[in-house]
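Feature annotations, reproduced from Swiss-Prot:
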type: ACT_SITE; residues: His74; note: active site, charge relay system
type: ACT_SITE; residues: Asp121; note: active site, charge relay system
type: ACT_SITE; residues: Ser216; note: active site, charge relay system
type: DISULFID; residues: Cys17-Cys141; note: disulfide bond
type: DISULFID; residues: Cys59-Cys75; note: disulfide bond
type: DISULFID; residues: Cys155-Cys222; note: disulfide bond
type: DISULFID; residues: Cys186-Cys202; note: disulfide bond
type: DISULFID; residues: Cys212-Cys243; note: disulfide bond
type: DOMAIN; residues: 30-267; note: domain 'Peptidase S1'
type: CARBOHYD; residues: Asn25; note: N-linked glycosylation site
type: CARBOHYD; residues: Asn90; note: N-linked glycosylation site
type: SIGNAL; residues: 1-16; note: signal peptide
Amino acid sequence: MLGITVLAAILACASCCGNPAFPPNLSTRVVGGEDAVPNSWPWQVSLQYLKDDTWRHTCGGSLITTSHVLTAAHCINKDFTYRVGLGKYNLTVEDEEGSVYAEVDTIYVHEKWNRLFLWNDIAIIKLAEPVELSNTIQVACIPEEGSLLPQDYPCYVTGWGRLWTNGPIAEVLQQGLQPIVSHATCSRLDWWFIKVRKTMVCAGGDGVISACNGDSGGPLNCQAEDGSWQVHGIVSFGSSSGCNVHKKPVVFTRVSAYNDWINEKIQL
């Protein structure tokens, strides 16, 4: 019963999740995106690893409880030491107002993660201590199990990834409009074909706006009818030809295919 209760609370309490104090700017059209409104995606985190006594951004992630972050399995290296930046906007400002850095307790990588085919590209990071929620740090909503969005449903990818193919990492959080691409379209021969499984979701592919290196693990944010924001995808992979290739939309791990797994891990 406890396991059912915890995830049900994340799903059902729209006022408890996915409602930023500073609403995002949705009037615009990440690569080809724009600077986000500060703290308008307050569940977005920066996953950082320690190298040469310096913390470096490697991936994004989403805070889904006060103690757990959802990210991609391919972001995790068992030999690295990680920390999680929460409430961040500008990565070049270490002591940014409203931000905190959390130590990591445990990282759960999906047991069937396949590095070759990028199947089950999902991981959960348990923080050493629960974080205190605020206007700059909030939890994201999780969609209901099996939830599928229709073709062209407007969603937003967010992150500090490269501003263009082989370009610099973004200093401030970026956002980009990424409409949903149906599985039927995304699995066409001239799109992603058999690389895309039904446990994945595609978005974008217009050749203009896209996620890029450094956005991995971050959220695909989609607004529900009640106005709350749900994380429907985790940035998984894109085209080796570049970050914004026509008919090669970003492929995300579909969160609603993993509700049971998420629920199991947040109980540990």
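Our numbering is plain: 1 for the first residue shown, then up by one each step along the chain.
The backbone N, Cα and C atoms fix where each Cβ goes, glycine too.
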Review point. Per 10 Å Cβ neighbour count, which of the disulfide-bonded residues Cys141, Cys186 ranks highest?
Key: Cys141
Revision key, fill the gap. Counting across all protein chains, other CB atoms within 10 angstroms of the CB of Cys75 (disulfide bond) number 25
Review point. Given Ser216 (active site, charge relay system) and Cys59 (disulfide bond), what distance in Å do their CA atoms have, once rounded to a whole number?
Key: 5
Review point. Reported as an integer number of Å, what is the Cα distance between Cys141 (disulfide bond) and Cys59 (disulfide bond)?
Key: 20
Study note, to complete from the structure: Across Asn25, Asn90, Ser216, listed as recorded positions, the smallest other-CB tally within 10 A is for Asn25
Exercise for review: Around the Cβ of Cys202 (disulfide bond), how many other Cβ atoms lie within 10 Å? Please give the count over every shown protein chain.
Suggested key: 25
**Study point:** Per DSSP, three-state class assigned to Cys202 (disulfide bond)
**Key:** strand
Exercise for review: Count the Cβ atoms, other than its own, that fall within 10 Å of the Cβ of Cys59 (disulfide bond), considering every protein chain shown.
Suggested key: 27
Exercise for review: Sort out for me which one of Cys17, Asp121, Cys155, Cys222, Cys243 has the most neighbouring CB atoms within 10 A, since those are the recorded positions we care about.
Suggested key: Asp121
Exercise for review: Using DSSP with the three-state reduction, classify Cys59 (disulfide bond) as helix, strand or coil.
Suggested key: strand
